[in-house]
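Structure, as structure tokens:
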């Protein structure tokens, strides 16, 4: 045995997983520095006296010299100080990589191993997929579970087998955002500056019988079938007229967020503003219908697909919808607003990110930006500035805000601390714009999924700065940027993008 193999280091094992909490704090132990993940997992399972061994991963939280032990993990601590012990790496290699000796004391957080997500299915769409959203209330029946917004202006509803069960025709340019409000209500936003409220009839969610709509009809890449033939085979009843058209923005809508319990919608627009709306059109002021919307479809094929989706349904788009104005339009950004999100637990608070490099906090009760030093003689807007354009946003249960950037990384911000502290952590791995973010299921509040123009979706544990897993597109094309990603426990990870595909990967569940 060499001298290196015989070295040991003092370790304290801690966890935030309530299902893995010991009855009393685990005592410090001396472990060989040659141990890797499996060896550490065996030790922790022995200390916990588990009936069945639990596969574990390890986050090295802190390394301090000469303190006689490691500090207890702080529930409110930022996520940037942890380093994931990668597969194949040992404590010895971690110490060497960080310039540490075995005389330090290590605090190591143990977490359940997250299994890599596997590919489940891929559905063809006629045009680029700008946005996807999973119906969180779906329970495995034949109703639609995925809503997608497409660059041909059509919002499509899909069941879990890839059948198009509804086509929502209203936008005259790219449908860039779509969100479920309830089992039978959705909202969409487009490059035509409009939001649409939809209430598809439940009768339209039936599975088509064999020979009506199947895989052949969904294969829009097939050379033997034209778009017209495939879309004509969808019954007219599966095309839906918008319930209301919402006006207020003067430039394309980039993102939407919904808080169903309070019936509120917020929108991000390229006009630099955040719109506030209701899920009930009766709560919003009636306005005169606009005679035209900007940004109409320029592609002949896209116009044809939209016309076919609309044919025979009796829908007349904007003219058939009730015209409503916003509850409020909140200005303040100096460039396009790229994404919006509600606070994770307070529906009166919202956040927005922009190409102007900033994050703003909004008080929806007053429809104004939150003041960072309200009550003082010189209050200022709570604005957090970064050095790069921000493209995507989601809120996390710990109170953190995750922002995807044009600089290819994800930054974590804590709105509870002063705005002068811009970044709490930086998650690095993507090689192009981070265009979409979605937090993981409630069962693990630290998981996050990101979609990028590099053609991948990455899975993160925000307690460490490196991704856990990378999902590649099954479509082997050169142009495969991911524009939208959503992650729900009832289905898995759904992504869509430049390859005209909606891809489903299963939940990378904890072992």
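Each residue's number is its place along the chain shown, starting with 1.
Cβ coordinates come from backbone N, Cα and C, glycine included.
As written in Swiss-Prot, here are the features:
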COMPBIAS  208-219  compositional bias 'Basic and acidic residues'
REGION    9-112  region 'Ubiquitin-like (UBL) domain'
REGION    207-228  region 'Disordered'
REPEAT    124-168  repeat 'WD 1'
REPEAT    170-208  repeat 'WD 2'
REPEAT    248-287  repeat 'WD 3'
REPEAT    332-372  repeat 'WD 4'
REPEAT    383-423  repeat 'WD 5'
REPEAT    429-470  repeat 'WD 6'
REPEAT    477-511  repeat 'WD 7'
Residues of the parent chain within Cβ reach of the repeat 'WD 6' (429-470), under 8 Å, 6 or more residues beyond its termini: 59, 79-80, 82-84, 86, 109, 111-112, 114, 116-117, 339, 391-398, 400, 402-406, 408-410, 412, 480-489, 493, 495, 497, 505, 507-508, 510
Can you tell me the mean pLDDT for the region 'Ubiquitin-like (UBL) domain' (9-112)? 82
Can you tell me how the residues of the repeat 'WD 7' (477-511) break down into helix, strand and coil by DSSP? 0 helix, 19 strand, 16 coil
